[in-house]
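Notes for the one structure printed next.
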Amino acid sequence: MGDYVRQMPHQGSADLARPPSTASRLHIDIPLLLLLMALTTYGLFVLYSASGQNMGAVVRQGRYFAVGYVILILGAQVSLQRYTRWAPWLYLAGVATLVAVMFFGVGAKGAQRWLQIGGFRFQPSEIMKLVVPIAVAWYLSDRILPPRFKYVLVSLALVVVPAGLILQQPDLGTSLLIAASGLFVLFMAGIGWRYIFGAMVLAVASAWPAWMFVFKDYQKQRILTMLNPESDKLGAGWNIIQSKTAIGSGGWEGKGWMTGTQSQLDFLPESHTDFIIAVLAEEFGLRGVLFLLSLYLLILLRGFWIGLHAQTSFGRMMAGSLTLTFFVYIFVNMGMVAGLLPVVGVPLPLVSAGGTSVVTLMAGFGILMAVSTEKRMVVH
Amino acid sequence: MPQYIALKDPNRESRIYSARTVAAITVVLALLGIILTRYYSLQVTEFESYRTQSDSNRVKLQPLPPKRGLIYDRNGVLLADNRPSFSLSVIKERVPDFDATLTELQQLVPITESHLEKFQQRLKRRRPYEAVPLRFRLTEEERAILAVNRFRLPGVVVDAQLLRHYPQGELFSHALGYVGRINEREAFELDETEYRGTFHVGKIGVEKFYEQMLHGAVGYQNVETNAHGRVLRVLERYSPKPGVDLTLHLDIEVQKAAFDALGDRRGAVVAIDPLTGGILALVSTPGFDTNLFVNGISSKDYSALRDSLDVPLFNRAVQGQYPPGSTIKPMMAMAGLESGLVTPESTVPDPGWYRLPGDSHRYRDWILRIRGTGHAPEVDMKMAIAESCDTYFYDLGRRLTIDRMAEYLSPYGLGDRTGIDTTNERQGVLPSKVWKRDTLGQTWYPGETISASIGQGYMLATPMQLAVATSVLASKGKRRVPRLLREVNGEPVVVPELEPLQAEQQNWDSIYEGMLEVVHGERGTANYLAKGIEYRMAGKTGTAQVIGIAQNAVYNEEEVNERHRHHGLFIAFAPAEAPTIAVAIIVENGGGSSAATPIARKVIDTWLFGSSEYKDPA
């Protein structure tokens, strides 16, 4: 059934007749790749300053990016057909590892998030950021869209099971990101607005019981700190006060690369990881922030463009979900550092130091490229 | 196949998808707009306020504590200086795991329970981000160990500070007092600005009395620091004004002579220059090592000092109040002469006791126990002073009355604080009818006048008061507030003269005659002091009863508990022609004045000649 759909000709595929370019033969979306390269280069410059001119940190991050690009290219080579074929197995394996984490997981600070196999340690929840949307998109790609109520229910179940397992690790941030990535698929599939608004009303209505019964003390504390960082100046509020000071004191022009006092004199905590945007804002000013946001916006628009030109509903839904998830990273990170949102462990995508998110994000962009080049495959 | 086409409509799906994309882009743009607005408001609208905040983050106003003034003796010998000392401090806000860090530090350098206890107390009243000291006086080796492990111990700092040091230790303990760490009460009372950065304050003695001069004025510097408080560079600096250096009248050799002569006995010596009122020696034994107090004495050391029967922390020289005994007799004689009640020639019969008219009670003369009779059938003033005849003064006292006695003795400084520039001075008691009524609510009995006339009964004086009284005698009536401080930054300190004690020149001569006879006369009570003496010393012995002795009972020194023996007293000045030193000495439970007299000889010898060859009579 899916095969049949994919063979349907699509309007706007005027370039079908043209011989495939090297890029399309390699399944590379040139504009997206260029934007990503610009972003990662910019990120490395900021990181050099944020890590206290530590070339080692830059080299390490460069290596992560290299691995990320390899994964991106490899991910782009896999046909969407294959992703759909693997989807149920990936999903079952993912859920199984999450259950395994529950029993055999290792972790730190009261959270069990990792699975240790020999000397290799990995975080199954990270993989689920891709597997969940793939599974939901796979499930819906065979249905008539917009999906009927019972398919919506099944899709929600596909989302809730892994999200619930991750929530109890506990890892609220990742759990919400995964739930969002699954829900974005449903949204792009065109579920009725009444579901969406209904869910919003439900979310607002459940805020109070959630505060009372679901949120843990440290989570409540983070929200309270966000609302009033001055209440705990030297404790939890410190990060927010210092990051706001860093951003604000950067002004329009910024204090200059490697001369931000907040970041260089260690006032800013986590300056090279989750709070790196504060370093960028302090040293490059609002100009630097605008440049970063422009890069992000172009990547997002390219993602949406790829979705609009995708050949199959699976590809479309994946493109939409991946793009929106990427946006959630940006929004949550920049919002939390600026004191708009509570502090959750979400990195600034492709700028914050760290390997895990780079791999996941690049794999996501790999799938996006697979979507963007899928149509050319139809010819062969 | 047709049913598939009917069910799944790619064009419709595509349309829906396009609509959703538009919706998504709209939401994305809206949210990015919110983010951008936020950054705009932080970076443009509130830029000034955040820039100020960022500057105040990195720029710290640091207090620069002034160097405490040094203290010298009159010859320029250092009595109190400042030495660099390395201490281990902890900035609690910078320590990730406080308890673990303390445990780790305990493994690196010796830290006792007492250190931790004091540390916890200091921790309670620190300012945020203040380095709170945990250990002081780190050794070279301890500093090296801490330096090596520094990277593992964020928030732990080793810093150098100048710490008060008393090179003479116990010798000047009561003369100088000491500084100690500022406690909660003091922190409240002291000027917060001036004492920012200062950890020590004078607690007692000269160190406390001249605290303001010794402390100096605080300085400031603006420094750029990182978040860990490490100073990266100095931006601006206002130097502190160091405390002034003080030179005292004290003479280390005289002090040493007095201290050594007292030995392990409890007692006090005050030596004073009658010309200036300068204190040449101020000794109270036992003393203690004042260095123990500088950084907080350990509770073990403190309880040892506090609980000792010898009360070493008690400054006998200014706090100890003793019956002056016969040492007041020269002043009593002067009162007799000036009031016209006696002349140098007039005599009093002395059977060895005295009886008030109409009373059978016999007031015994001390000689009765020894000779079974009086000093002589008729005793004149010279003999009365030289041999310390009680009967003569019983009679004089009775005729003078207690109130006039108080009137005549008060110009010598008895019954009132001398105003010496140190702390905790007591005022003694110069009894009078008014005093007894006000203090005890009782009427005065005639018998009490008899006791008072030989410095017993209610009468009490501190060694400092006796020294000042002796100085008044030595200078023939000149009165000055006694001073320890001689020079400030090389400028002499002049003490204004008080209204002098007016008396006839020949009356002074008569008194001197008696006092010279005490030392140089054949029957003088301290005649053994004259052995090998090269100058003329005027003196007066005294004995103060510690417990009352019943009528007809015999005081046997051997049988009496050591703590119940009489106190031995002696006042003296020399050279008699032009006195340059006056001393007052008390030896607690010395048995009699002979415990005190040799000390005077050694002290005066040392002052006049730089040393003393005098040997205690065996």
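Just so it is clear, glycine is given a Cβ too, placed from its N, Cα and C backbone atoms.
In TrEMBL, annotation is done automatically, which means it is predicted and not curated.
As given in TrEMBL:
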REGION    A:1-20  region 'Disordered'
TRANSMEM  A:30-50  transmembrane segment
TRANSMEM  A:62-80  transmembrane segment
TRANSMEM  A:86-106  transmembrane segment
TRANSMEM  A:149-166  transmembrane segment
TRANSMEM  A:172-189  transmembrane segment
TRANSMEM  A:196-214  transmembrane segment
TRANSMEM  A:289-310  transmembrane segment
TRANSMEM  A:322-344  transmembrane segment
TRANSMEM  A:350-371  transmembrane segment
At a C-beta cut-off of under 8 Å, are there same-chain residues at least 6 beyond the transmembrane segment (A:289-310) that contact it? List them, or none.
12, 29, 31-32, 35-36, 38-39, 42, 188, 277, 280-281, 316, 318-320, 322-323, 326-327, 330, 351, 368, 371-372, 374-375
Let me spell it out: take the transmembrane segment (A:196-214), skip the flanking residues so only those 6+ beyond its ends count, and list any with a Cβ under 8 Å from a Cβ in it.
187, 220
Can you tell me which recorded stretch out of A:62-80, A:149-166, A:322-344, A:350-371 has the most Cβ pairs within less than 8 Å of the transmembrane segment (A:30-50)?
A:350-371
Taking a Cβ cut-off under 8 Å, which residues six or more beyond the ends of the transmembrane segment (A:149-166) line up next to it in the same chain?
91, 94-95, 98-99, 101-102, 125, 128, 131-132, 135-136, 139-140, 143, 174-176, 178-179, 182-183, 185-186, 191, 195
